[in-house]
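Novice: One structure follows; several queries about it will come next.
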Amino acid sequence: MHIADYRVTKAILDRHGFSFKKSLGQNFLTDTNILQKIVDTAAIDREVNVIEIGPGIGALTEFIAENAAEVMAFEIDDRLIPILADTLRDFDNVTIINEDILKADLKTHIAQFKNPTLPIKIVANLPYYITTPILMHLIESKIPFSEFIVMMQKEVADRISAEPNTKAYGSLSIAVQYYMTAQVAFIVPKTVFVPAPNVDSAILKMTRRASPLVAVTDEDFFFKVSKLAFAHRRKTLWNNLQAVFGKTEEVRAQLTNSLEVAEISPQIRGEALSIPEFAKLSEALLPLK
Ligand code: SAM
């Protein structure tokens with residue numbers, strides 16, 4: 001029997017008198033097939049260290065610990081710490097850290113892995129209220145992890161992995177795909193959680209690129225340009241650019257020139273531009289920075 005077997009989960013929750021906090025995104029997994037699929041998708045073995053975010057009562061942690069070298073799991077809710085000490089007592093390769101993942105000093109913590117030279121993967125069933133901040137915080141941190149295999153709302157997974165010319169494509173697709181490849185591995189129905197969330201979920205697998213997808217002079221400006229191109233999705237690129245940079249003769253002349261240099265039509269919409277095209281555009285717009 002596993003922690004995630006519905007009857008075991010129920011007994012743990014009852015024994016500890018645990019009540020869910022919606023504000024912390026607490027939806028626990030109660031399907032061992034899905035957990036096995038997550039671990040298989042992440043290709044976890046004894047040569048991999050894992051960082052987990054939000055272990056809950058340990059449903060996913062147990063599956064990771066059975067396969068990985070070591071797991072370090074960050075849980076914000078103090079009430080879960082004694083429960084995890086109980087449910088995971090048989091494992092000597094699990095460390096629970098009672099901290100907010102957004103505030104933890106990850107560099108210092110990961111130096112504590114018994115074998116810090118092993119590759120690190122991040123595996124989690126994320127709290128949905130802060131999915132994007134957690135993703136961006138970890139991707140932009142200097143933590144040397146190779147893969148990120150996480151459960152999130154299906155709609156967010158679709159946006160992150162979206163291709164140009166689709167409704168889901170936007171600045172979040174670009175912010176993540178700049179650093180990582182991203183693919184939806186499989187869909188998870190809401191019925192496998194207690195309590196059930198309002199939406200379906202997906203497992204997204206992201207792999208860090210050896211270097212960012214495109215080379216840009218100024219990363220912040222590149223991300224700014226990719227955001228502003230989607231500020232009003234129905235407006236043309238030209239109108240979105242003017243709304244930010246201004247409408248004076250001088251600015252218009254510079255914009256015209258920059259778009260010509262980047263070989264991009266002003267009448268196009270942001271969603272039609274690939275990431276390499278956004279890179280060309282932001283380079284050509286540098287004089288307006
Ligand atoms: N991993 C468990 C599972 O799959 O059943 C629980 C997943 S539940 C969706 C999200 C977990 O993240 C909860 O245990 C919640 O308390 C925790 N959490 C929420 N915000 C957090 C934060 N900022 N840092 C660390 N953990 C957090």
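Every residue, even glycine, has its Cβ placed from backbone N, Cα and C.
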Novice: TrEMBL records ASN27, LEU29, GLY54, ASP100, ASN125 as S-adenosyl-L-methionine-binding residues. Which of GLU70, GLU75, GLU140, GLU147 is assigned to the same site?
Specialist: GLU75
Novice: Over all shown protein chains, what is the count of other CB atoms within 10 A of the CB belonging to LEU29 (S-adenosyl-L-methionine binding site)?
Specialist: 23
Novice: In the structure shown, with every protein chain counted, which of the binding-site residues GLU75, ASP100 has the densest set of Cβ atoms within 10 angstroms of its Cβ?
Specialist: GLU75
Novice: Are there any residues in the same chain, six or more apart in sequence, whose C-beta is under 8 angstroms from the C-beta of ASN27 (S-adenosyl-L-methionine binding site), and if so which?
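Specialist: In sequence order, PHE20, ASN125, TYR128, PHE193, VAL194, PRO195, ALA196, PRO197 meet the Cβ cut-off.
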Novice: When a 10 Å sphere is centred on the Cβ of ASN125 (S-adenosyl-L-methionine binding site), how many other Cβ atoms does it contain?
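Specialist: Other Cβ atoms found within 10 Å: 26.
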